[in-house]
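Asker: Residues or ranges marked as transmembrane segment in TrEMBL: 33-50, 62-80, 92-113, 149-169, 189-209, 216-235, 241-260, 272-292, 304-324.
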Amino acid sequence: MRIPSLRHNLFTSGLLALGGAAGFLFQWIGTPLPFMLGSLIMAAAGAMAFGDRFPQGYSYPLPFRQLFVGVIGVMIGAQVSPDLLTLAPKLLVSIPAILLFVVLAHSANYLIFRKVGKLDRATAYYSGSPGGLLESIAFGEDAGADIRVLTILQFLRIIVVVAVLPFAISIYEGEPVGSAAGLTTSADPAIWLDVVLVMLFSVAGVWLGGKVKLPASQLAGPLFLVGVATATGIVDLNIPGWLVASAQVVVGISLGLRFVGITRRMMISGLGLSLLSGASMLGIGAILSLIVARLTDFSLETLIISFAPGGVTEMSLIALSLAANPTFVTLHHLVRIVATVVELAVVRKMNWFAP
């Protein structure tokens, strides 16, 4: 693994400082999830305007992002309790609904990209998958899809959902959500021991998730590890709100930096299709959420986050920040990703979109 140069480390530190400042600005303005959205918008604007002036060969440090994705998994796992077992019968309603969502959302995206975007069959199909980002790009390349268009549309899918969803929930709730990071803080000096434990669990969980090849392993490994430890009473972690805000900044910057190399023209053409696709998927998710809410006593807010087709890390962080049953939300997003990857693998095996 290449060790980042001092210049790259200083640049990363500057990005984090600017992301944090943008988060405080958005918090002052009163936007939902201010630290994620503030850092995302700051990084995206900087990437598009000054990406060619970034240090040569610079990339956001992957181990650093993995650590904080693991921290998010630890935070979610810390909220696991034996009471979650009582949800099992109701999952017989929500899990099949997620599988139906994958089929409906992918079909709608394919039609939008074919009829409105005029994309070829392979590009439209792999650009429209509601999950499995890396698999979509790899399988799409094998099928002869336009990889640049596919990549832009897949990245914008995640970013549009991450940006729109908190505002939609804020309108539904009648007030900005997530501005206090969704967790209580503690003045107890022992909180620093909890922070150290969070970091240790994150590192161990990321390693474990990769070792056993869990889906979304960087998130699922720490979640599983801490979930078992919490449910059995081995640990009882108190997570400070500033740590959640820090995770929002790290994830927000990593999303925003994906705009490096994207021209204004590419952005405008891709954003139009992504907004249409995002509205379609969020609409399908909202309808299914309403149906599931009627059949169970799950809150509509939690279900809407569970059916929103963003990245599993970002959606889990939104659920965590809004205290919207993040374990439940993460489970449904893992199911969505696995179902989508299985679908992509089957289609690839059958050569339906072979070049």
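Positions of Cβ are set from backbone N, Cα and C atoms, glycine also.
Let's see these features in context: how buried, what's close, how far.
Answerer: Residues 119, 123-125, 127-131, 153, 273, 276-277, 280-281, 284-285, 288, 291-292, 295-296, 298, 303, 306-307, 309, 332, 335-336, 339-340, 343 of the same chain, all 6+ positions outside the transmembrane segment (92-113), place their C-beta atoms under 8 angstroms from a C-beta of that stretch.
Listed by sequence, the residues of this chain that lie at least six past the ends of the transmembrane segment (149-169) yet keep a Cβ under 8 A from its Cβ atoms are 31-33, 36-37, 40, 44, 113, 119, 123, 126-130, 133, 136-137, 140, 177-178, 255, 258, 262, 266, 270-271, 273-275, 277-278, 281-282, 301, 304-305, 308-311, 314-315, 318, 322.
Counting only same-chain residues 6+ beyond the ends of the transmembrane segment (216-235), those with a CB under 8 A from a CB of the stretch are 66, 69-74, 76-82, 84, 197, 201-202, 204-210, 312-313, 316, 327, 330, 333-334, 337.
Long-range contacts of the transmembrane segment (241-260) within the same chain: residues 15-16, 19-20, 23, 33, 35-48, 51, 54, 60, 64-65, 68-69, 71-72, 75, 155, 158-159, 162, 180-185, 195, 198, 267, 313-314, 317, 320-321, each at least 6 residues beyond the stretch ends and with a Cβ under 8 Å from a Cβ of the stretch.
Through the fold, the transmembrane segment (272-292) approaches residues 93-94, 97, 100-101, 104-105, 108-109, 112-113, 116-117, 128, 130, 153, 156-157, 159-161, 164-165, 168, 298, 300, 303-304, 306-309 of its own chain, all at least 6 residues removed from its boundaries and within a Cβ separation under 8 Å.
Taking Cβ pairs closer than 8 Å, the transmembrane segment (304-324) reaches residues 33, 36, 69, 72-73, 75-76, 94, 97-98, 101, 105, 130-131, 133, 157-158, 161-162, 165-166, 168-169, 177-178, 181-183, 216, 218-219, 244, 247-248, 251, 255, 278, 281-282, 284-286, 288-289, 330, 332-334, 336-337 in its own chain, all 6 or more past its ends.
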Asker: How about long-range neighbours of the transmembrane segment (33-50): same chain, 6 or more residues beyond its ends, C-beta under 8 Å?
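Answerer: For the transmembrane segment (33-50), the nonlocal Cβ contacts are 15, 18-20, 22-27, 159, 162-163, 166, 177-179, 181, 245-246, 248-249, 251-260, 262, 264, 267, 314, 317-318, 321.
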